[in-house]
Amino acid sequence: MGTFFRSKVLYLFVVSIIALLLIQPNSIQAKTMETKAETAIIVDVNTGKILFAKDENEALPPASMTKMMTEYIVLEMIDKGELNWDTKTQISDYAYSISANTAFSGVGLRQNVDYTVKSLYEAMAINSDNATTIALAELVAGSEGEFVKLMNQKAEELKLPDYKFVNSTGLDNDSLGGKHPEGTKANDTNLLSAKSAAILAYHLVNDYPEVLEISSIPETKFDGQEIRNWNWMLKHDATFLKPYYYEGVDGLKTGNTDLAGFTFTSTATKDDRRLITVVMKTNSVEERFKETAKLLDYGFSQFEDVEVFPAGYKVKDNSTIPVAKGKEDKVEVALKDGITIPTVKGTEKDYKVEYKIDKKLVNKDGELEAPIKKGEKVGVAELVFDGEEDFGYILDDEKKVSVDLVTTQDVAKKNWFSLMLGAIGQFFTNLYDKFIGLF
């Protein structure tokens, strides 16, 4: 019995070791990210941190992801009071011809009928309708050609790095039957990089969070007919769409043309974290959602908010600044606030902080001048990544994470007598140095 028991224990021990060996490679592999999309990006919305990127600066046709810019401009007009949801408009001959083209996404618009901005916007944002998009563009700017100018102006204002807007819909101009917007070429197409699409989405959800109230609608009614959201990752009633459902997804915009392939800008929340992902030029409608799910899984599972440096942190052997005319000849400095960022679990050690002292506060010798109060800001502490790979931040002004660098103590100014003695001593020291220099 004893021999049998020992053999059983040994067997269980060996099985456990083998299991650990099999599991370990998978946990390491989980920290890497690969995607079939030609370009892709993941952004943490709370901080603007880019968690993953693949050829994110390559400009490609975005297809109907273009409509995010149309959405932004319409929402901005409403916010400014220059437009409202109840404003009514009718459909032009051009918009009607696009609506009648069965090759395009459409809800089947009618002429000589009043449509509200709200109904047109919903058809655009939910069903990716092209004609309603054109109708909104014409309402806002008078013509789609003028609206395209607004799109490019707004792209510059939002500092999109890689873009070209030639129409409001994302269709290729050569598919518009010679009715492409004035000022654009017949063979033109819109262009966006994954990073530009992510920046646009980032501004949309931050500047106009109400965009998600509509982009999250899976099905609704338009002009008496049911329309369905092309975002299959929402909670649809249709059985064939249920495998693509992803809890927390509430936007944002799909796209598809022969030139663009299948594109998708998604956004989702989990545990108070919101992510934006972009995939461009995937090979099928199913693949774009599967690749998006992979990106979301990676962003939510591999990253956590970590306080890499707490408030009061001092850089070892570099936490003092010399002081002139003070009762102390130096003052300690520390981080006023802690620094918390989303980072891959276990990589906290790859970060460090660098002090940037405000040059306007120090003399030519790099000294602060007494008196100095505790908590006085003397510069900033910038977060620096010292590991193998860092994708940076989605906005230019967020390229460096920094917190205020403050003094940790009061330093009083020397009294006049001490200052006078110091000045006399310095005078004779300088005189002695000059004398020695003569020999």
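Yeah, the Cβs are placed from backbone N, Cα and C, and that goes for glycine too.
Record features, source TrEMBL:
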ACT_SITE  Ser64  active site, acyl-ester intermediate
ACT_SITE  Lys67  active site, proton acceptor
ACT_SITE  Ser128  active site
BINDING   Lys253  substrate binding site
DOMAIN    303-413  domain 'Peptidase S11 D-Ala-D-Ala carboxypeptidase A C-terminal'
Sparsest-packed among the recorded positions, when each Cβ's other Cβ atoms within 10 Å are tallied, from Lys67, Lys253: Lys67
Residue pair Ser64 (active site, acyl-ester intermediate), Ser128 (active site) - Cα distance, angstrom, rounded: 7
Distance from the residue listed as 'active site, proton acceptor' back to Ser128 (active site), taken between C-alpha atoms, in Å: 8
Ser64 (active site, acyl-ester intermediate) CB neighbourhood, other CB atoms within 10 A: 28
